[in-house]
Amino acid sequence: MKKIAVLTSGGDAPGMNAAIRAVVRTAIYNGIEVYGVYQGYLGLINDDLKKLELGSVGDTIQRGGTFLYSARCPEFKDKEVRAKAIENLRSRGIDGLVVIGGDGSYRGAQRISEECPEIQTIGIPGTIDNDIPGTDYTIGFDSALNTIIESVDKIRDTASSHARTFIVEVMGRDCGDLALWAGLAVGAETIIVPEEKVDIKDVAEKIESGIKRGKKHSIVVVAEGVMGGQLCADELAKYIHVDARVSVLGHIQRGGSPTGQDRVLASRLGGHAVELLMDGKTALGVGIKQNQLTQTKFEDIFNNKGSKFDKQMYKLAQELSI
């Protein structure tokens, strides 16, 4: 292994810069040249690569986002387009590629490993949704979780002051981990996630029951993949008359300085990715389980989507929100 490239793809997540830093410094420490690919897979297609030195990643571990930029690249699904990207890697003598991102990013890496076996590929899970099998946590999840908690704590102050019900919409298209963990942490009265079917009438009855017990306000946390916050409020209004407001947290969840946990996680996974490349491994996603570094085949990751949801935690949240 003499030259590797690293890119970030898909939605940005706090801690991506820390992962890039770990990849670059681990590689250089072991005598490997590193090239940064700008704007994800689009950069591979356009040959937008730049050699990275130790100084290139100085003062980045605490920064949110990704200094390599990120972009969604649907055209990478085209085999002819991928062939151009692969040729760009070959022409530079790059024999290893580290991809930081989510499910779609991993699929692009798998295609490269299939169509050009001499270029090894390793995926690092970077997404706030925490929806990648093969790891307990993805880079950015803890940071986004803490952003949500801080925001909802402030929203609850207002909800309490005005005796209102607040519907808080958080990210999570197919995975409800952000909603579940945040809802449990802020003491939400109701948590609505894609993995568990919820009848809005039951939610309304629960809120009404609380009001009868003297409860003045409620917090409902809903994952965007189930329904929008406004739709949730409109549906509730069919069953109960409460002063309900909607707060869509949106892209604030992706921004900000990564937490200590995300910085450490990103550093460990970034270093491990380089070690796997040096060992001749390919088509693997790195992760962490029970605080131990792991690696999982891309195909196993794709075949186990939706397997991570913690039903016991959901049950606990239901019991604590009576």
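Including glycine, each Cβ sits where the backbone N, Cα and C put it.
The ADP site in Swiss-Prot is built from ARG21, ALA22, VAL23, VAL24, ARG25, GLY187, ALA188, GLU189, ARG213, LYS215, LYS216, HIS217 plus one of ARG156, ARG173, ARG245, namely ARG156. In Swiss-Prot, the ATP site is described by ARG72, CYS73, GLY102, ASP103, GLY104, SER105, and among GLY11, GLY15, GLY172 the residue recorded at this site is GLY11. A strand conformation is recorded for ARG245 (substrate binding site) in the three-state DSSP classification. Look at the Cβ of each of the binding-site residues ASP103, ASP129, GLU189 and count the other Cβ atoms within 10 Å; the largest number goes with ASP129. Compute the center of the Cβ atoms of GLY11, ARG72, CYS73, GLY102, ASP103, GLY104, SER105, which mark the site for ATP; besides them, the chain residues with Cβ within 8 Å of that center are SER9, GLY10, GLY40, GLY101, GLY108. Here ARG173 (substrate binding site) is positioned 14 angstrom away from GLY104 (ATP binding site), judged by their C-alpha atoms. Sequence-distant neighbours of SER105 (ATP binding site) (same chain, 6+ residues apart, CB-CB distance under 8 A): SER9, GLY10, GLY40, TYR41, VAL99, GLY123, GLY126.
Cβ environment of ARG245 (substrate binding site): ALA159, ARG164, THR165, PHE166, ILE167, ALA233 lie under 8 Å away, each six or more residues apart in the same chain. Local packing around the Cβ, expressed as the count of other Cβ atoms within 10 angstroms, is greatest for VAL23 among the binding-site residues VAL23, CYS73, MET171, ILE252.
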